[in-house]
Amino acid sequence: MEGGGVEVDVSAFRECLSLSWKNPYVLRLAFSAGIGGLLFGYDTGVISGALLYIRDDFKEVDSKTWLQEAIVSMALAGAIIGAAVGGWINDRFGRRKAILLADTLFFIGSAVMAAATNPSILIVGRVFVGLGVGMASMASPLYISEASPTRVRGALVSLNGFLITGGQFLSYLINLAFTKAPGTWRWMLGVAAVPALIQIVLMMMLPESPRWLFRKGREEEGKAILRKIYPPQEVEAEINTLKESVEIEIKEAEASDKVSIVKMLKTKTVRRGLYAGMGLQIFQQFVGINTVMYYSPTIVQLAGFASNRTALLLSLITSGLNAFGSILSIYFIDRTGRKKLVLFSLCGVVFSLVVLTVVFHQSTTHSPMVSALETSHFNNTCPDYHSAVNPGGWDCMKCLKASPECGFCASGANKLLPGACLISSDTTKDQCHKEDRLWYTRGCPSKFGWLAIVGLALYIIFFSPGMGTVPWVVNSEIYPLRYRGICGGMASTSNWVSNLIVAQSFLSLTQAIGTSWTFMIFIFITIAAIIFVIIFVPETKGLPMEEVEKMLEGRDLNFKFWQRSSRHAEEVATQKTQST
């Protein structure tokens, strides 16, 4: 426990699995706290499907892109506030109480959304849910990290990431289950109250984080918990290490004034930790993951799939791959290390985004033409098409971009043949469907649609094992104990602010510059993320939390990330010499 580098490999994954019979108490702690991740993931995924039906119920939402973005992003605005105050709540009242408060807010928000009678009330419910999600996003991994043995800490914190993606997958299943039920989206959003209640019950029966208890002078309670977490031969060493670490922190706190942002940034280890932690959280969002998760069914429709149910079903595939990627992360994160895993992840994301950029460019430039004959078959021609100077040059994409009041009814013989540009209304949609035609308002029929699904699947497969979980793992272990809650809150806040910016701008960007150019922007951002990780993110694999601070203090920028540092090599050589 005292050493600078505990060798962690695939055996750590096996040890994590063996906890189910060797020490189920540790897994109980991790799974109970990890429900916060499940709620996080459920809210992320459920709104993407619910939005399709909210647009049907509230016509003002269907016609106003900014209102759709507001329904999605107001939860993020709440999460920013939740994450910002969550750091203080975690340090002042404890990790356990922070999780319980998050659950309560989530439960209230779910009930308000399910009963909403207009978009304004729906948005209020989204804010409450966001407050809960923001608090849980940092409290859950922090609790798991501080209640986990060092050797399997990465795997157990990755469990929180798995439950996030599991929540997203569950949300798509729930969405599909209620597509034909009365109230559709109300059930989708209201069901989220159930896991929140379950976590409240479970967390009431669990103790506080042992590290927080030591920090508050409640050592006997902390020791009792550590004796349940660690094997008998390791527990005394862990108690002594943790006690020494906390004593140093308390002395530093007594010798100085209250924690301030300026003082934190002047502290070398904290500053370097924030560079890595906040940077990873910001790039996690700006490489585009939550545009895929929030708007996945919409993206599928943009690729040429008209049906709401089909869009949800295809989105379920990407969500399932996301959960599978999180399982891979649990296996690899303590074997390959955090840094190498995230770099491999980002390189794969670049490749996937290139595929999506090319596919959407081809779909946009090769959409079916508008036929005057097909259009005249109906009695409700789109006004913009009717008054156009050169209607013969119109295709499906030009019809949809001309006005939100226009829609495209595909040819009955073949959806890729010329179709009709008509007024977008329920009446027109029904007329189109009665003739066994497909009705498009978001995207156009395309022979490249399945390639877009492949691109989305590749994106998720590459993103989930690395960038999906590593930022949360790194942020749970990289900060000194005294600043851990505040720094974790700052990093979570940066994640939610970035999330808000991306979610609030994605649909507007696709309308302004096109879907392909929007994904092109994500490519350049991902390349910048690769450079950032190489320069600023250290490897924390296998380091006890007390050793992470020492590593940050002496760390230099290392461009050769695949090599061990010379300092580590010297330590290994010294150990070998001493053993001989």
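Backbone N, Cα and C atoms are what each Cβ position is placed from, and that goes for glycine too.
Annotation source TrEMBL lists domain 'Major facilitator superfamily (MFS) profile' at 29-541.
Here TrEMBL flags 29-54 (among others) as transmembrane segment.
Positions annotated as transmembrane segment by TrEMBL: 66-86 (among others).
Residues or ranges marked as transmembrane segment in TrEMBL: 98-117 (among others).
Residues or ranges marked as transmembrane segment in TrEMBL: 123-144 (among others).
Distant neighbours of the transmembrane segment (156-178): 16, 26, 30-31, 33-46, 48-50, 140-141, 144-145, 148, 184-185, 187-188, 191, 195, 293, 309, 312-313, 315-316, 319-320, 322-323, 325-327, 329-330, 333, 464, 468-469, 472-473, 476-477; these residues of the same chain sit at least 6 beyond its ends, with a Cβ under 8 Å from one of its Cβ atoms. Annotation source TrEMBL lists transmembrane segment at 156-178 (among others).
Per TrEMBL, the feature transmembrane segment maps to 184-206 (among others). For the transmembrane segment (184-206), the list of distant contacts is 28-29, 32-33, 35-36, 38-39, 42-43, 46-47, 49-51, 53-54, 57, 96, 99-100, 103-104, 106-107, 110-111, 113-116, 125, 129, 132, 167, 171, 174-175, 178: same-chain residues at least six beyond its ends, Cβ to Cβ under 8 Å.
According to TrEMBL, the feature transmembrane segment maps to 273-296 (among others).
The annotation transmembrane segment is assigned in TrEMBL to 311-334 (among others). Residues of the same chain lying 6 or more positions beyond the ends of the transmembrane segment (311-334) and with a Cβ under 8 Å from any Cβ of it are 8-10, 12-13, 16, 45, 48-49, 52, 151-152, 154-155, 158-159, 161-162, 164-166, 168-169, 171-173, 175-176, 179, 292-293, 296-298, 300-301, 305, 341, 453, 456-457, 459-466, 468-470, 473, 541-542.
Long-range Cβ contacts of the transmembrane segment (341-360) within its own chain (Cβ-Cβ under 8 Å, at least 6 residues beyond either end) map to 280, 287-288, 302-303, 329, 332-333, 448, 451-452, 454-456, 458-459, 461-463, 465-468, 470-471, 514-517, 519-520, 522-523, 526-527, 529-530, 533-534, 537, 561. If you look up TrEMBL, you'll see 341-360 (among others) marked as transmembrane segment.
Under the heading transmembrane segment, TrEMBL lists 448-474 (among others).
Under the heading transmembrane segment, TrEMBL lists 486-507 (among others).
The transmembrane segment annotation in TrEMBL covers 519-537 (among others).
With a cut-off of 8 Å between Cβ atoms, the residues of this chain six or more beyond the transmembrane segment (273-296) that come close are 44-45, 47-48, 72, 168, 264-265, 315, 318-319, 322, 342, 346, 349, 353, 456, 459-460, 463, 467-468, 470-471, 474-475, 478-480, 487-488, 490-492, 494-495, 498-499, 501-503, 506-507, 519, 522, 525-526, 528-529, 532-533, 536-538, 552. The stretch in 29-54, 123-144, 448-474, 519-537 that contributes the largest number of Cβ pairs under 8 Å to the transmembrane segment (486-507) is 123-144. Sequence-remote contacts of a segment are chain residues at least 6 beyond its ends whose Cβ falls under 8 Å from one of its Cβ atoms, and for the transmembrane segment (66-86) they are 43, 47, 51, 54-55, 60, 98, 102, 105, 109, 119, 122-123, 126-139, 294-295, 489, 492-493, 495-497, 499-500, 503-508. Sequence-distant contacts of the transmembrane segment (123-144) (same chain, at least 6 residues past either end, Cβ-Cβ under 8 Å): 29-30, 33-37, 39-40, 43, 47, 70-71, 74-87, 89-90, 95-96, 98-99, 101-114, 116, 156-157, 159-160, 189, 192, 196, 209, 472-473, 475-476, 484-485, 488-489, 491-493, 495-496.
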